[in-house]
Amino acid sequence: MATLANGIRHLPGYLDRPAQEHLVELIRDIVAEAPLYTPEMPGTGKPMSVRMTNCGPLGWVTDKQQGYRYQSYHPATKKPWPAMPQELLDLWETLGGYSKPPEACLINFYSDDAKMGLHQDRDENDLAAPVLSVSLGNSCLFRVGGLSRKDPTGSFRLSSGDVVVLGGEGRLAFHGVDRIYPGTSTLLKNGGRINLTLRRVNS
DNA sequence: TAGTGCCT
DNA sequence: ACAC
């Protein structure tokens with residue numbers, strides 16, 4: 001376990017291979033019910049390169065008209081998000097150190113050429129709760145800065161099975177994904193990377 | 001500005 | 001990493 005200068009915790013290889021494979025199975029079922037969709041930037045409608053879906057009572061979504069928000073249903077199917085698997089509730093219980101359970105699990109799928117710009121997770125009402133991130137599949141170059149966009153940044157590699165906890169000082173740290181490293185994992189047969197982000201939304 | 005580009 |  002490594003704690004970075006900005007308070008972010010990195011747990012390399014926290015999930016073993018069988019646990020990773022089990023999560024992929026669960027995600028396959030979720031995606032069958034709540035298909036990955038292409039989010040849009042607020043205002044411009046520019047598509048993001050990452051595709052998304054969610055599980056849990058709430059899901060993070062964005063589109064041209066309404067922008068970033070949490071809502072209880074899939075934007076395309078209008079159906080409620082699939083339930084949060086017990087395995088993820090357990091992970092939150094073990095690593096989150098927070099009294100209330102997570103309400104949203106954002107599932108991000110990165111193709112090998114997808115990226116995500118530097119941003120803050122700040123659409124939650126409960127900013128005391130940590131954000132838990134699970135990496136599956138190909139490795140990525142993860143970038144982390146400070147509380148201001150202008151703050152200097154550093155980067156490190158995230159591999160399949162790694163968990164990152166953004167809590168305390170690091171809860172509102174700017175972060176993003178610079179690049180995916182193709183062919184660095186055999187977990188996902190068709191390549192790419194999956195990131196699970198567990199969040200508490202309502203205080 | 002949860003993005004894009006690298007003759008930056 | 002940085003500017004836009």
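Quick reminder: no glycine exception, Cβ is built from N, Cα and C everywhere.
Remember, it's a predicted structure, so these values are computed and weren't measured experimentally.
As recorded in TrEMBL:
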BINDING   A:Trp60, A:Tyr68, A:Arg69, A:Tyr70, A:Asp123, A:Arg149  substrate binding site
DOMAIN    A:101-202  domain 'Fe2OG dioxygenase'
BINDING   A:Asn108, A:Phe109, A:Tyr110, A:Arg193, A:Ile194, A:Asn195, A:Leu196, A:Thr197, A:Leu198, A:Arg199  2-oxoglutarate binding site
BINDING   A:His119, A:Asp121, A:His175  Fe cation binding site
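A map of TrEMBL features onto the structure.
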residue: A:Trp60; record: substrate binding site; contacts (Cβ under 8 Å, 6+ apart): A:Met52, A:Asn54, A:Tyr68, A:Arg69, A:Tyr70, A:Ala104, A:Leu106, A:Asp123, A:Thr197, A:Arg199
residue: A:Asn108; record: 2-oxoglutarate binding site; contacts (Cβ under 8 Å, 6+ apart): A:Val50, A:Arg51, A:Met52, A:Met116, A:Ile194, A:Asn195, A:Leu196, A:Thr197
residue: A:Tyr110; record: 2-oxoglutarate binding site; contacts (Cβ under 8 Å, 6+ apart): A:Ser49, A:Val50, A:Met116, A:Asn138, A:Cys140, A:Val177, A:Ile180, A:Gly192, A:Arg193, A:Ile194, A:Asn195
residue: A:Asp121; record: Fe cation binding site; contacts (Cβ under 8 Å, 6+ apart): A:Val131, A:Leu166, A:Arg171, A:Leu172, A:Thr197, A:Arg199
residue: A:Arg149; record: substrate binding site; contacts (Cβ under 8 Å, 6+ apart): A:Leu118, A:Phe174
residue: A:Leu198; record: 2-oxoglutarate binding site; contacts (Cβ under 8 Å, 6+ apart): A:Leu88, A:Leu91, A:Trp92, A:Gly96, A:Pro102, A:Ala104, A:Cys105, A:Val131, A:Leu132, A:Ser133, A:Val134
Suppose we draw a 10 Å sphere around the Cβ of A:Arg69 (substrate binding site). How many other Cβ atoms does it contain, all chains included?
13
Here the binding-site residues are A:Tyr68, A:Tyr70; which one has the lowest number of other Cβ atoms no more than 10 Å from its Cβ?
A:Tyr68
Taking the Cβ of A:Leu196 (2-oxoglutarate binding site) as the centre, how many other Cβ atoms fall within a 10 Å radius?
21
Report the member of A:His119, A:His175 (the binding-site residues) whose C-beta atom has the most other C-beta atoms within 10 angstroms.
A:His175
Can you tell me whether DSSP puts A:Tyr68 (substrate binding site) in helix, strand or coil?
coil
Determine, for the Fe cation site, the additional residues of the same chain whose CB lies within 8 Å of the mean position of the CB atoms of A:His119, A:Asp121, A:His175; present them in sequence order.
A:Leu118, A:Gln120, A:Arg122, A:Leu166, A:Ala173, A:Phe174, A:Gly176
Counts by DSSP class (helix H/G/I, strand E/B, coil) across the domain 'Fe2OG dioxygenase' (A:101-202):
3 helix, 45 strand, 54 coil
On the 0 to 100 pLDDT scale, where does the domain 'Fe2OG dioxygenase' (A:101-202) sit on average?
96
